[in-house]
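Peer 1: First the structure, which I've put down as structure tokens, then a few questions once you've had a look.
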Amino acid sequence: MEFSELIRTGQAQAELLRGPEMPPLRGTLCVTGHHLLLSPGPQATPDLWLLLLRSVDSIEKRVAGDAGTITLRCKDLRVLQLDIEGVEATLDIARSIEALSSLESVITSFPFFYRPKGLRLGESWHFHPPERYYKRVARETRAWRLSEANEDFSLCPSYPRAVIVPRTVDDDALARSARFRQGGRFPVLSYYHAPSGTVLLRSSQPLTGPQKRRCAEDEELLQAVLAGARPGARGFIVDTRSAQAAKQARMTGGGTEAKSAYPGWKRLHRPLERGRPLQESFVHLVEACGDLEQSMDRWLSRLDGCHWLSHVKAALSTACLAAQGMEWEGACILVHGAEGTDSTLLVTSLAQLILDPLSRTMAGFQELIEREWIQHEAPIFLLFLDCVWQLGRQFPLSLEFGEGMLLALFDHSYASPFGTFLCNSEKERCLCEVRTRTHSLWSGLNQPKEQRKLRNPLYAPNPLAIWPSVEPQSLRLWQGLFLRWTHPPEPSEVAWEKVWQIATDQEKTEGSQPTDSASEPQP
Amino acid sequence: MEHIRTTKVEQVKLLDRFSTSNKSLTGTLYLTATHLLFIDSHQKETWILHHHIALVEKLALTTSGCPLVIQCKNFRIVHFIVPRERDCHDIYNSLLQLSKQAKYEDLYAFSYNPKQNDSERLRGWQLVDLTEEYKRMGLPNSNWQLSDANRDYKICETYPRELYVPRIASKPIIVGSSKFRSKGRFPVLSYYHQNKEAAICRCSQPLSGFSARCLEDEHLLQAISKANPANRYMYVMDTRPRHRMQSWWATQKDIGRIILNAMANRAAGKGYENEDNYSNIRFQFVGIENIHVMRSSLQKLLEVSGSRGLSVSDFYSGLEGAGWLRHIKAVTDAAIFLAKAIMVENASVLVHCSDGWDRTSQVCSLGSLLLDPYYRTIRGFMVLIEKDWISFGHKYSDRCGHLDGDPKEVSPVFTQFLECVWHLTEQFPQAFEFNEAFLLQIHEHIHSCQFGNFIGNCQKEREELKLKEKTYSLWPFLLHDQKKYFNPLYSSTSQKLAVLEPNTVSFNFKFWRNMYHQFDRTLHPRQSVFNIIMNMNEQNKQLQKDVKDLESQIKQHKNKQTDGVLTKELLNSVRPESPALKTSLCLKEQTLLPVKDALRTVEGSSPADNRYSEYADEFSKAEPAVVSSEYGVARMTC
């Protein structure tokens, strides 16, 4: 297959530098279709060092004399340096890495070849998020139905086959509404909040355009949402763009819901950053975190200048606003920006974590990600993980998963042997047969041996909504992620070991009472 | 009592400090001899000790009443609206009088009565015994001895009576050196490292305007370096920024030259007996700013963190502008230098600043804390404060403004020390026996004047005030409650943590929210990891004890030929409530400081407390018939 054409060299002698805290590794370097391998010889530990080529973000090469140096910046923020013997070998290896790490094709990617021991293909792919979730909703209310109008992805390529919609709206009306929304993303149910009987919806912007077009079916759909909640219920549309940006979008065919066309609904604008500015903010923060010598003033000024924590604050407070509307004002909430695929999902998924105790369990969180997130390889998903981390810091007992889970999701979202985060839509996933030909990340993460790393030892289910503080004094830099490689917080890891020990001691002593019911972690 | 004109005002509003929409609680304000008390309509009590009040302001009259803003030394800020201006004026005037006492005898400690008899009180004062502490360090020994030179405070009024000096330093040398040093604070021992045989010593600056050298002072320094058999080189650490000290530095160099001449003299048959002399001294400057810079830095920090509707960007640029974290880093770096000199080079170190009671106390105590795990225990930390701060004359009353005095003398030097320690606890979560609440409680009491420990500016003054007869010591009360202050992660045996080597990379310094916003409950995490771990630990111990008890019971039963059915029943009867405890705990409100008699205002975790946006108000604007938030608060917190 084509891999062999891209691999320029068999092997070379090299030394690998992995950062200030790790000893260098010497050995034989070689490039395969998906990996960079370094074999330090049989006596060494580890006996093999492996890097998934997909995780290489950028590569720099330098040659001097008869040796070369390759610097790899990885998507998990690691920086690796390889000192290689031989100029030719260096250039060949660099070219091979460049070619292989930028392969676009999904079906030649590593997940399609990864066959680990102990996992069966097809396992843990049984989540069919909307269907599963619909069962939960249907137990509480009859106002919603599962529609298969998108069975062939003709209404919306980025929606799953089945979506949850108001019972009184038929599939034809959905099709019309879809044509009125960018990318066909018509309003669908994201979360049903049983305690107040209200719902969280998401969509993309309406295509009102400069002529201020309307769509009767779209208006009926939102009307039906309010009618289904309770008589006289109110709705809020949380637009993740500024009022001005939303207005400007009309010039390019987009726009926003006109007040007169959607009685009972009120628009709130909460601009959230996405795309390029967010990417830049992320890059600036990563740069600042790589500088160990900077003065206090310089560090604080860079932390301020990159605006990352401002984005965290904005995202969390918008999610809180949506959640507050549902829980406290008994209102239905529709969230959208322009495409409805980035900041929209950030808000809907965070609002659920705040309101829904089930989404804070290990299984519930995985389901939430499956249900809400389309693209994972973007700083917006990282922003989501950061916001979840902030929630976990403020409610250290309320999330069943720990920082390790969030870090694992971050790592796997950029480069993974598992198929869960492949492709950018359900349609693509079906075309590539991801579910039958790759392993699910959840099957990997839910193995018993992974639990200690991923779970929160202090978890105690909390039935209440968790309202975080979003004041700047309450938000912290996520050191565990941003300083993971440059500044490992070793002592606090040891401390966590101790926490685990105390927590498991507790389980043991409690468990060793009447019957010997060992408390196995639930998958 | 004569200052109190009004004892009770009704219909007073307590405003939410950070609310942009004037959210408030209504209640009654009481003025007692020692406290200001506010009881709101939910019967929640807010107690403010008069001594904690740093500033009272009466703002311009508004339509709803007369605003009264009170800023406290423990960083509480309350904003009342008093309906009638007359009442407001009365309270304002009373508080002005009550919060600033002219004499020590009017401080709370002299009237505070925890119902203990005299012998209990005396035992309390004997709890921390510095004589014992020097013994623990291995003193006196062949190189260091207790000097009685200052037994009657004749040489230095601000030093304690008991001072350790090099055995070879005679009394005339000590007297001579003390005349050469500011306020007579000549070089004495602060900490002795038994393994390294090296000492941390402290003093004040040489007197300004001296023309030549002071032989006695040179002798004393020489004696200090001689007292260290492992390394004859010693460091003199000047903790002041170098630029201010240029001239003095030059003078010191001159002294070095003079000593070189002395060496030449020795070659000629007169002068010194061995090679040790001033030329064995290395001068090291570490730039810690003075009390005035620190005071205004903290003021800036509080202005930033106290502003309403603060953006992330304003917060970080404000943190940078205040420079506070830079100062914290400077103090920590100085302590690290000190600890390294002893650990790596085996060298003794003499630390000084200007008077040797602010920066010197910070650096000596923090350095000792890095070196000696004992100071990281609850009891050891008390000893450390008693030694390097109280006994060596850190001017608590001046720095904390206990009495109505010069505001330029007030400075958060000790607060800064506590913050440095807090940063260490963050970096080494297992190295300290105590937790954050312990630090906060100590901070509370340096200002409260409820106990005698921090009253006065030096030991001599404390003795004159007869504090040990008239007031109580804080330490036994903290020890009595020590359960609240235990760090459940503490690992006393870890060899790795014997000497702490903190990393002072800028990332490691964070705004200490739990100090500067201790009363702003809405800014805090809603659940405390520490509390839950403490409880788990407690439960584990209890359960293990139960298991043991039951096992011994089973043994007894077996001996009596009883069958297994009974044992199973027995087992089943044990503490069925423990798992429930685990869940109920996490929903309870958490307090940073252990709650004592004075209850603190605590707000529940509800969206209304969090000010997510001005739009939250729009929710209710759209339609009047929505659930009132009062109802919501009740539902959330009940």
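Note: Cβ is positioned from N, Cα and C throughout, glycine not excepted.
Those TrEMBL annotations? Automatic predictions, nothing curated.
Below, the features straight out of TrEMBL:
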| type | residues | note |
| --- | --- | --- |
| DOMAIN | B:124-516 | domain 'Myotubularin phosphatase' |
| BINDING | B:Asn290, B:Ile291, B:Cys353, B:Ser354, B:Asp355, B:Gly356, B:Trp357, B:Asp358, B:Arg359 | substrate binding site |
| ACT_SITE | B:Cys353 | active site, phosphocysteine intermediate |
| COILED | B:533-560 | coiled coil |
Peer 1: With every protein chain in view, what's the tally of Cβ atoms within 10 Å of the Cβ of B:Asn290 (substrate binding site), excluding that atom itself?
Peer 2: 17
Peer 1: Excluding near sequence neighbours, so keeping only residues 6 or more apart in the same chain, what lies with its CB under 8 A of B:Cys353 (substrate binding site)?
Peer 2: B:Ser204, B:Gln205, B:Asp238, B:Thr239, B:Arg240, B:Ile288, B:Arg359, B:Thr360
Peer 1: Let me make sure I understand the structure: which of the binding-site residues listed (B:Asp355, B:Trp357, B:Arg359) has the fewest other Cβ atoms within 10 A of its Cβ?
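Peer 2: Looking at the binding-site residues B:Asp355, B:Trp357, B:Arg359, the Cβ with the fewest others within 10 Å is that of B:Asp355.
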Peer 1: Over the domain 'Myotubularin phosphatase' (B:124-516), what does the predicted model average in pLDDT?
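Peer 2: Summarising the domain 'Myotubularin phosphatase' (B:124-516) by its mean pLDDT gives 88.
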Peer 1: Neighbours of the substrate site B:Asn290, B:Ile291, B:Cys353, B:Ser354, B:Asp355, B:Gly356, B:Trp357, B:Asp358, B:Arg359: Cβ within 8 Å of the Cβ centroid, same chain, sequence order.
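Peer 2: Surrounding the site, in chain order, are B:Ser204, B:Thr239, B:Thr360, B:Val413.
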Peer 1: DSSP on B:Cys353 (substrate binding site), three-state: which is it?
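Peer 2: It is coil.
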